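Okay, here's the structure, questions in a sec.
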Amino acid sequence: MASAAEGGDAAVMRRRYWRWSKADFFPEPSFQSWRAYGAALLSTAPRLRDRITSRSSEAMEAGTLIAQSENPLRRCLSWVDLAFLGFGSVVGSGVFVLTGQEARFDAGPAIPLAYAAAGFSALLSSFCYAELATEIPSAGGSFSYLRVELGDLAAFLAAGNILLEAVVGAAGLGRSWTSYLAALIGRDPDALRIHVPALADGFNLLDPIAVVVLCSTSALAVSGARLTSTINSLASIVGIAIIAFVLGGGFAHFDAANLAPSFFPFGAAGVFRAAAVVYWSYTGFDMVATMAEETKNPGRDVPLGLISSMSAVTVVYCAMSLALVGMQRYGEIDPNAAYSVAFAAAGMKWARFVVALGALKGMTSGLLVGALGQARYTTQIARTHMIPPYFALVHPKTGTPIYATIAVTLGAACVALFSSLDVLASVSSISTLFIFALVAVALLVRRYYVAGATSPAQLRTFLAFLGMVVVSSIGLSVYYNSGYGRRWPGYVAFGVLWVAGTGGLALCAKQQREPKVYGVPLMPWLPAMSVATNLFLMGSLGSLAYMRFGICTAAMLVYYVLFGVHATYDMAHSEDQGASAADAATDGVEQGKKIVPV
């Protein structure tokens, strides 16, 4: 027996990182033959029930599953690194990209209020992420939190939307990079794209430059988190200087007459519609949570990095958007390269080059940090076998998930080649808001329910009040966007229901778990408010965004039933038989040992 075990260990040691076989993609028993797969499909119902009712654990997400990567992600980041990563991933992907579009078509001069509303919601979400990241310091971020608290199916839906957000968000940045490059050289924003009349509008301007930029930043990201963080920090210092110039120059040419005759030309509905879209510009902060596995002291560093970067970003966005609408009337704003064109219209033609360069820097940082975070999400999803575990492998020398990075980059490059920015932004926003709402619910579940400790009566009380919070939040969003949105009784009714639900959680439901290091303040009011704001902003998006979201979700569920449920079932039910081996492998990974040499 000993010699057999030693032989098995030697076989593992001989495995190379650069490999490609069916066993690497489909190692589960359900996919070893067509007969086995047919038997698995016949067992779909009980397996699906098993997966829906199962829950992961902190030890599994931040410990045992790490062995699936065969090599460790390296702990090398501090809270300062995380703050700069959060700032770099967000600034550039928002204010330089969507401000012009939303000021022109949705919010008008009130665009700063749209950013404030979206920033408030994002800040609430960042508090929730901060607590969960300290409790479950996993590369999976929200995916891991949902696996532990809401189960496999909720986590899978989040995983699908995380990957959709990763692909769409990176593609949107790549497209915007091309627009600003064109502005930098004095050309029309679409001048560097290839027009193909045979394709539908929104998909008929091919963008090969975006593909090159995406591939280049991802190539840098796979070189290592420490190097990428250093480059991002240096670039962020340059970016801060450019932001200071934009604010100084913008307010120097500020004309209050540009805010007239109406500060709300599209009404409050336009502001909230814009807030739902520009929320996409805040999505970089969740990438910070995925770096918890590479952070020296996640209990301290993740909350500091998340909350400090999000607070700074919200202030910057509101100030820069106000400067834009003060420089130029909203009806004259260029939706693709807003700041460059606004400075040129103000007589500072040379400044548009500085602005365009700053935008390019910001978007490049966003792509760079995004490539880091998106690959970590993908790695953790692959560790659970929801997607092939091949994408969980970490390179022993770079300490980065190269296969996961390549997969996300190729997907983003294909989308960026065809799709316009307005199409991408609406799809990404609804996915992001959906995930953030689920994370807030997961935090409430974590605080108020512990399997085996919470009594049935306590569970019923918690579920009743949680249901009131969710139903009232959905009802308020639907009511606001209905034909009765101008009548006040509905707001009172849903507001009272929300207060009753949240107050019931605070007064009648007993908290079952206290946070170990960092806890969200004002529990349960802050997470409940996060649920309400995210669902409200979701309701402000148009029907087309929901149609695309529904199609994507349906495709995800088909994939889950045909593949994901069987792969994760096999993975979960092989854990008991190989627990000691997995623990041994995990110990090796956590100590930084090279399990698999190149």
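Heads up, the Cβ atoms here are built off N, Cα and C, so glycines get one too.
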Check each of the ranges 190-208, 209-227 against TrEMBL and return the one annotated as transmembrane segment.
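In TrEMBL, the transmembrane segment feature sits at 209-227.
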To which of the residue ranges 234-254, 339-359 does TrEMBL assign the term transmembrane segment?
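Going through 234-254, 339-359 one by one, TrEMBL gives transmembrane segment for 234-254.
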As a test: from 234-254, 402-421, 461-482, 488-508, 545-565, pick the stretch that has the greatest number of Cβ pairs under 8 Å with the transmembrane segment (520-539).
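When the Cβ pairs under 8 Å are tallied, 461-482 comes out ahead.
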Quick one: do the transmembrane segment (427-449) and the transmembrane segment (209-227) have at least 3 Cβ pairs under 8 Å, skipping pairs fewer than 6 apart in sequence?
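As far as Cβ distances go (cut-off 8 Å, pairs 6 or more apart), the transmembrane segment (427-449) and the transmembrane segment (209-227) do not touch.
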Mind checking which residues of the chain, 6+ beyond the ends of the transmembrane segment (488-508), have their Cβ under 8 Å from one of its Cβ atoms?
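For the transmembrane segment (488-508), the far contacts come to 444, 448, 461-462, 464-469, 471-473, 475-476, 479-480, 523-525, 528, 532.
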With Cβ distances under 8 Å as the criterion, find the stretch in 110-132, 209-227, 402-421, 461-482 that has the most pairs with the transmembrane segment (260-282).
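Looking at each of 110-132, 209-227, 402-421, 461-482 in turn, the most contacts to the transmembrane segment (260-282) are made by 110-132.
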